[in-house]
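K.L.:
One structure is given below, represented as structure tokens, and several questions about it will come after.
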Amino acid sequence: MSITIKSAEDIEGMRLACRLASEVLDYITPHIKPGITTKEIDRLGAECMAQQGTISATVGYQPPGYPPYPASLCTSVNHVVCHGIPNDKPLKKGDIVNVDVTVITKDGWYGDNSRMFLIGECSIAAKRLSALTFEAMWHGIVQVKPGARLGDIGHAIQKFAEGHGFSVVREFCGHGIGKKFHEEPQVLHYGKPGTLEELVPGMMFTIEPMINAGRREVKDFGNDGWTIVTKDHSLSAQWEHTVLVTPTGYEVMTLSAGSPPLPPFVTATTT
Ligand code: MF3
Ligand code: CO
Ligand code: CO
């Protein structure tokens, strides 16, 4: 087991998978407003994937010790940290929801990404958590270049998030990705600069920080084998991109027409 290095041809396959994963989020975006259920979001995601000719990586996904995941995407509302299962409860004004989409192309490449959505008018605290989690992800992304280390990514995210009074979830991390959903390396969203694996051109992994407004501890929701919530019931946010290490820096792979604008400190999606 080791970190796969993607060839030029592999990277082309991943560019397509990742763009399509981002386009699923674009497709559902206009529908995400008060009254829609997360099951309806899931149906729209599945409809888009069918049109694309991709399949969902999450339907039936079953890591050891888990039941098969039952939906085409994940919807994590308010204090749900990750892996929320779509259900029949309508979203209401003031909710925040992460939608996490992973598609597989016909060539077998996986593209994985997620965004936050604000439902109607939200509290200042909720807007701030979502916006700063987006920035935290980007603080991690801009660390990516040959010679940097995984610990640099985690440290940048942790320092930014904790500097704003938030906490970083420890139990879940980013991951290598390619012809498998979850490969090496693990990409922790906390850590020390100059530690862990050195980045090499052709590595491809996700950066997907889960940031809590309150304490960092999480627990199983309890009844479905998947849903993870904050222990203190505080709000949690997450954003995710799939990123390539290039000879000169990074290339963000999961981009499309509807990707949100870059934070002010970021100059480009490819360096
Ligand atoms: N897409 C998630 C990730 O970023 C994994 C979801 S697994 C599921 O790693 F089974 F919950 F869908
Ligand atoms: Co991921
Ligand atoms: Co994901």
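Backbone N, Cα and C atoms are what each Cβ position is placed from, and that goes for glycine too.
Pulled from TrEMBL, these are the listed features:
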type: BINDING; residues: His83, His182; note: substrate binding site
type: BINDING; residues: Asp100, Asp112, Glu240; note: divalent metal cation 1 binding site
type: BINDING; residues: Asp112, His175, Glu208, Glu240; note: divalent metal cation 2 binding site
type: DOMAIN; residues: 12-247; note: domain 'Peptidase M24'
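Could you place these features in context, so I can see how deep they sit and what lies close by?
P.N.:
Annotation for His83 (substrate binding site): same-chain Cβ neighbours under 8 Å, separated by at least 6 residues, are Tyr69, Cys74, Ser76, Trp226, Thr227, Ile228. Mapped onto three states, the DSSP output places His83 (substrate binding site) in coil.
Cβ neighbour count for Asp100 (divalent metal cation 1 binding site) (all protein chains, 10 Å cutoff from its Cβ): 22.
In the shown protein chains, 24 other C-beta atoms lie within 10 A of the C-beta of Glu208 (divalent metal cation 2 binding site).
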K.L.:
Mind running the binding-site residues His83, Asp100, Asp112, His182 against ligand 2 and keeping the ones whose CB falls under 6 Å of it?
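P.N.:
The binding-site residues passing the 6 Å Cβ test are Asp112.
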K.L.:
Taking every protein chain shown into account, which of the binding-site residues Asp112, Glu240 has the largest tally of Cβ atoms within 10 Å of its Cβ?
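P.N.:
Max Cβ neighbours within 10 Å, all protein chains included: Asp112.
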K.L.:
Please report the Cα separation of Asp112 (divalent metal cation 1 binding site) and His182 (substrate binding site) in Å, rounded to an integer.
P.N.:
10
K.L.:
Sorry to bug you, but what's the C-alpha spacing from His175 (divalent metal cation 2 binding site) to Glu240 (divalent metal cation 1 binding site), rounded to the closest Å?
P.N.:
11
K.L.:
I'm checking region-level scores; what's the whole-number mean pLDDT for the domain 'Peptidase M24' (12-247)?
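P.N.:
That stretch averages a pLDDT of 98.
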